[in-house]
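J.: I'd like to ask you about the structure that follows.
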Amino acid sequence: MASSSRAFFKVFNPAPKSIPRIGQSNLMQLTHKKQLPTFQRRGIAEDSLLPSSTTPIKPMNVETKHTRTMGDIFVQHCQKLELFRNVLRNVAELDALEGLNMIDAVQRLGIDFHFQREIDEILHKQMSNVSASDDLHEVALRFRLLRQHGYFVPEDVFNNFKDSKGTFKQVLGEDIKGLMSLYEASQLGTEGEDTLVEAEKFSGHLLKTSLSHLDHHHARIVGNTLRNPHHKSLASFMARNFFVTTQATNSWLNLLKDVAKTDFNMVRSLHQNEIVQISKWWKELGLAKELKFARDQPQKWYIWSMACLTDPKLSEERVELTKPISFVYLIDDIFDVYGTLDDLILFTEAVNRWEITAIDHLPDYMKICFKALYDMTNEISCKVYQKHGWNPLQSLKISWASLCNAFLVEAKWFASGQLPKSKEYLKNGIVSSGVNVVLVHMFFILGQNITTKSVELLNETPAMISSSAAILRLWDDLGSAKDENQDGNDGSYVRCYLEEHEGCSIEEAREKTINMISDEWKKLNRELLSPNPFPATITLASLNLARMIPLMYSYDGNQCLPSLKEYMKLMLYETVSM
């Protein structure tokens with residue numbers, strides 16, 4: 001059995017009998033957007049629809065037609081993993097395109113961590129054939145998979161599909177499969193790649209046009225590609241759709257689906273156990289009782305960790321990462337809900353000093369929060385030092401100080417009733433989003449490739465962090481700007497932009513914001529390409545954070561989050577039928 005399989009099951013334990021339970025009513029009551037003050041910071045810590053620590057979680061019970069022990073499931077699952085691993089190697093050796101299709105399927109099901117070595121080997125060989133085909137699907141699929149894996153493939157591989165005028169050939173409109181692959185590939189574009197911009201417009205237009213004459217099944221597949229391109233979506237969320245829409249035409253796909261179903265159920269149980277650990281830590285910390293104004297939603301905080309760190313082997317890391325995320329929410333509540341401006345200034349000064357004696361002049365509730373933050377940060381630093389031989393305390397302190405400084409800037413804006421310039425707002429909003437705090441802690445908790453150079457770069461907020469943070473800030477601001485009848489200054493980028501561009505409509509401001517999100521994605525895509533000073537795990541986590549954002553901030557007309565509700569139901573509530 002492969003080592004990756006053993007490592008996966010090393011962290012898997014059946015859910016305890018006393019595990020809490022999520023009910024449908026609990027999910028329903030958490031779908032409304034929080035009413036915000038007129039100038040409200042929005043970021044990681046904005047309220048959404050996840051439950052409180054008292055919300056129970058239904059225990060997972062893996063069942064088939066015949067009752068089997070977990071040991072039986074483990075053995076059979078590992079056998080199937082090894083079988084598919086051999087099939088993947090053999091098929092890719094004989095048929096390059098089919099090998100690419102297999103990798104694509106593995107990634108869409110979100111279980112590529114099992115086959116990383118095989119994928120590495122196959123894609124490395126594929127670099128010599130980047131444009132050796134006149135099939136649009138094959139060229140586009142190879143381009144996307146290689147770029148996702150860090151290989152720089154030039155955009156001119158698509159020149160063979162252009163006419164003498166330099167535009168994509170209209171005859172490609174008959175190749176729906178190729179157009180979908182081209183659209184997917186265009187999502188990997190970086191700044192200045194005009195061919196990929198054209199590819200997205202060309203393929204997107206023809207695919208939308210095709211919806212009217214395709215049968216229901218194929219129209220559903222095309223529509224899903226347009227709404228949820230793979231590169232910008234969470235595989236764990238879209239995998240269920242892959243099961244429904246993909247019809248098996250060969251034996252390897254049936255085998256892969258079987259492997260994925262078992263994986264989903266086991267990972268679901270693992271996530272439930274992690275939530276139990278987080279809930280226990282939060283309860284023992286006692287802040288929910290001490291600070292009545294603060295949110296009490298450990299499951300909500302955990303969802304970020306679950307989305308960012310998808311490899312089951314990273315169970316301990318997900319639990320540890322949720323702890324600083326909880327303090328982002330807690331401190332956000334202090335700045336938003338409870339603190340006076342004078343108290344917030346004192347609290348920010350205390351965090352910048354990072355001395356326990358700094359709490360002497362704070363009100364009691366701030367003393368409690370600062371002491372808990374101080375202890376939690378020192379505890380994480382000790383764990384990182386013991387496990388990885390590096391003391392991250394200085395970097396962690398910098399991240400908390402930066403967050404509080406940004407929160408304070410926005411508190412002063414709110415107190416003055418004045419809107420800042422849009423650029424100033426976004427620059428500060430990137431920090432106050434909380435993304436920097438989360439990814440800095442994640443880097444050290446993962447403990448991979450910690451060097452003086454990488455730490456110095458991390459402390460300077462690299463593009464990997466700033467782009468993810470900007471995407472979060474702008475996505476959230478799009479949601480807050482939907483209501484043109486809002487009173488006052490809601491502090492969104494859209495409102496700031498409207499304020500300084502007289503005559504600009506809200507539709508134009510929203511279009512500007514959407515284009516900025518696209519530009520930030522291009523910057524983030526550049527960070528995926530080699531050489532990258534950060535390990536692949538942290539880069540993927542940053543990417544997954546950006547993928548999670550639409551689920552967290554896509555409000556419907558009732559100011560609800562249906563996509564996030566569905567994600568939570570799939571990941572923690574529903575089993576996959578065996």
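Just so you know, glycine gets a Cβ as well, placed from its N, Cα and C.
Straight out of Swiss-Prot:
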{"type": "BINDING", "residues": "Asp332, Asp336", "note": "Mg(2+) 1 binding site"}
{"type": "BINDING", "residues": "Asp332, Asp336", "note": "Mg(2+) 2 binding site"}
{"type": "BINDING", "residues": "Asp476, Ser480, Glu484", "note": "Mg(2+) 3 binding site"}
{"type": "MOTIF", "residues": "332-336", "note": "motif 'DDXXD motif'"}
{"type": "TRANSIT", "residues": "1-29", "note": "transit peptide"}
J.: For Asp336 (Mg(2+) 1 binding site) and Asp476 (Mg(2+) 3 binding site), determine the Cα separation and express it in whole Å.
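T.: Their Cα atoms are separated by 17 Å.
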J.: Near Asp332 (Mg(2+) 1 binding site), how many other Cβ atoms are within 10 Å of its Cβ?
T.: 24
J.: Mean pLDDT across the motif 'DDXXD motif' (332-336), rounded to an integer, is what?
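T.: Computed over the motif 'DDXXD motif' (332-336), the mean pLDDT is 92 on the 0 to 100 scale.
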J.: Between the Cα atoms of Asp332 (Mg(2+) 1 binding site) and Asp476 (Mg(2+) 3 binding site), find the distance and write it as a whole number of Å.
T.: 16
J.: Would you count the other C-beta atoms found within 10 angstroms of the C-beta of Asp476 (Mg(2+) 3 binding site) for me?
T.: 24
J.: Taking DSSP states H, G and I as helix and E and B as strand, how many residues of the motif 'DDXXD motif' (332-336) are helix, strand and coil?
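T.: Result for the motif 'DDXXD motif' (332-336), in helix, strand, coil order: 5 helix, 0 strand, 0 coil.
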